[in-house]
C-alpha cells in the first residue's frame with residue numbers, strides 16, 4: 001500500500017484538543033488506501049468564520065459546517081498525485097461530538113475519513129450512495145478501532 005502525504009494547516013487560534021498530524025495521516029491513509037505511489041492532500045483546520053464563508057461561497061449554505069471537501073481536478077494529460085483539500089471546522093466538530101456523545105478523537109477521525117472518501121468521489125446525495133458511503137465509513141472507522149459513527153442513527 002502507498003502512503004498519503006498530508007499538508008496540515010492549522011488556521012484556528014485554539015489548538016487544544018486537536019488531533020496530531022500523525023493521527024490525521026493514519027486516518028486519511030485508512031480512508032484513501034492508496035495503491036503504490038504516494039498521494040497528497042491538504043487538511044486545513046479552521047474556525048467557524050472561515051468554514052461559514054467557504055460553505056456559503058461553494059455550497060450556498062449560510063452556516064459553518066463540519067467538513068468541506070475540494071477534490072483536485074487535474075487535466076487528463078497531467079499526472080499529479082494530488083487528491084484535493086479538506087477543510088474541517090474545529091468548533092463544529094467539537095460541538096457535534098458533544099451533542100452526539102462521541103469521543104472527540106473519534107469524531108475527528110470520522111471527519112477525515114468522510115472527507116477523504118469525498119475526495120475519492122463518494123457522495124451521499126442519493127439514498128443508495130449514502131448507504132454505500134456510510135457502510136464504507138463504518139468499516140474504515142472500525143478498522144481504526146472506533147465505533148460505528150452512525151450507531152446513534154440506527
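Even glycines carry a Cβ here, placed using N, Cα and C.
The model shown is predicted, which means the values in this text are computed figures rather than measured ones.
Annotation comment: Swiss-Prot describes 114, 118, 124 as Zn(2+) binding site, evidence class sequence analysis. In the three-state DSSP assignment, the secondary structure recorded for residue 114 (Zn(2+) binding site) is helix. Note on residue 114 (Zn(2+) binding site): other Cβ atoms within 10 Å of its Cβ, all shown chains, come to 24.
Sitting within 8 Å of the Cβ centre of 114, 118, 124, and not among those site residues for Zn(2+), are the Cβ atoms of 67, 69, 115, 117, 122, 123, 133, 137. Around the Cβ of residue 118 (Zn(2+) binding site), the same chain contributes 69, 71, each under 8 angstroms and 6 or more positions distant in sequence. On its own chain, residue 124 (Zn(2+) binding site) has 130, 133, 134 as residues at least 6 apart in sequence with a Cβ closer than 8 Å to its own Cβ.
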